[in-house]
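Structure record follows, encoded as structure tokens.
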Amino acid sequence: MTTDTNTLSYWLNWRFFLCAVFLSTAMVVGALLISKYEGFKRPKSGSSDDSQDSAGSLYEDELWRPCLKEIHPAWLLAYRMLAFAVLFGLILGDAVVVGGRIFLFYTQWTFTLVTLYFGLATSFSIYGCYNSGSSTERTSLDAERGTYVPPTLGGENPDMANTAKSLNSPEDLHERKAAGVGGYAFQIIFQTSAGAVVLTDIVFWFILYPYLLSRGRGLSFFVVTMHSVNAVCLLGETILNDLRYPLFRIGYFVLWTGTFVIFQWILHAFVSMPWPYPFLDLSPPSAPLWYAGVGLMNVPCFGVFALVIKIKQSLLPKLFPQSFQTRDDD
């Protein structure tokens with residue numbers, strides 16, 4: 001029996017009040033984390049030390065650079081293009097076959113966000129490949145024109161010494177361009193997608209799938225791919241890219257999840273319809289426990305990809321000591 005969700009009695013009760021308090025508290029905490037740590041701070045006194053960066057700092061080259069020097073940015077571009085094509089094809093096919101109602105589900109929200117991420121990633125990689133190619137061409141052209149000064153042994157020419165000093169000064173070697181607003185948005189989407197993908201797949205395979213299996217319901221092709229392919233694509237991206245993963249950005253993930261819940265509340269307050277997920281139903285006495293339980297899962301789900309990056313930062317420098325170029329995020 002389906003309970004009418006567009007009646008006052010459904011909403012004016014202690015169950016909804018507790019769920020609303022929990023959700024609003026989580027979103028306020030997330031917003032406070034963002035307001036405290038978000039933004040880029042340049043190194044103090046022109047220092048080149050990356051430790052002077054703020055927790056949320058981001059450089060432009062990190063958007064398209066692989067984590068290993070031996071991997072050309074074009075390979076990361078190819079991976080991102082392939083992932084975008086696969087994800088876009090799947091979400092488009094799901095929308096055509098099932099209809100627009102798929103976007104009532106958190107799964108499709110997340111899948112669309114991941115698809116958007118790879119679309120932006122492809123654009124940044126194209127930009128990075130073009131710029132790195134132009135830089136290489138300029139270096140070669142300087143060498144051909146004689147403006148390039150190679151190092152010499154025991155050279156006494158003061159002009160050459162000054163030129164070499166200028167070329168190898170810490171300020172020049174470490175001068176990097178800070179990412180713009182688009183770059184920060186890109187990194188935020190990456191981290192939000194990472195947490196949301198883990199949450200989506202864990203909830204589906206460990207909560208919803210047993211529920212469906214007990215009722216003899218099978219899984220369609222799109223249901224399986226919606227809860228697997230995006231995670232695989234994002235995992236490969238995480239291993240290859242050079243993006244940082246500051247932990248305070250869990251705030252965006254919390255706001256993303258909270259926005260979906262509020263959207264569902266508003267929709268069901270006006271239209272009586274089944275909930276997309278059984279644990280969103282506010283009528284049973286256990287509703288606050290379900291909301292709290294699934295909400296608290298945001299923390300370990302966000303931490304999964306943080307752990308993957310920590311493992312990458314621990315293993316790759318040992319396996320490729322001369323090639324690994326990602327810095328540790330503290």
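Every residue, even glycine, has its Cβ placed from backbone N, Cα and C.
Annotation comment: TrEMBL describes 12-34 (among others) as transmembrane segment.
Annotation source TrEMBL lists transmembrane segment at 81-103 (among others). With a threshold of 8 Å between CB atoms, the same-chain residues lying at least 6 positions outside the transmembrane segment (81-103) that come near it are 109, 111-112, 114-115, 118-119, 121-122, 125, 222, 225-226, 229-230, 233, 236-237.
Annotated transmembrane segment per TrEMBL: 109-130 (among others), in sequence order. Through the fold, the transmembrane segment (109-130) approaches residues 61, 63-65, 73-74, 76-77, 80-81, 83-84, 87-88, 90-91, 103, 182-183, 186, 189-190, 192-193, 196-197, 199-200, 226, 230, 233-234, 237, 241, 256, 260 of its own chain, all at least 6 residues removed from its boundaries and within a Cβ separation under 8 Å.
Taken from TrEMBL, the feature transmembrane segment covers 184-207 (among others).
Summarising the annotation, TrEMBL assigns transmembrane segment to 219-240 (among others). A Cβ distance under 8 Å defines the sequence-distant neighbours of the transmembrane segment (219-240), meaning residues of its chain 6+ beyond its ends; these are 66-67, 71, 75-76, 79-80, 83, 86-87, 90, 93-94, 97-98, 107-108, 110-111, 114-115, 117-118, 121, 190, 193-194, 197-198, 200-201, 204-205, 209, 212, 305, 308-309, 312.
Sequence annotations record features per position, and here TrEMBL assigns transmembrane segment to 252-277 (among others).
Counting only same-chain residues 6+ beyond the ends of the transmembrane segment (289-309), those with a CB under 8 A from a CB of the stretch are 18-19, 22-23, 26, 191, 194-196, 198-199, 202-203, 234-235, 238-239, 245, 247, 250, 253-254, 257, 279-280, 329. Residues or ranges marked as transmembrane segment in TrEMBL: 289-309 (among others).
Non-local neighbours of the transmembrane segment (12-34) in the same chain are 248-255, 258, 261-262, 282-285, 287-288, 291-292, 295, 298; each lies 6+ residues outside the stretch with a CB under 8 Å from one of its CB atoms.
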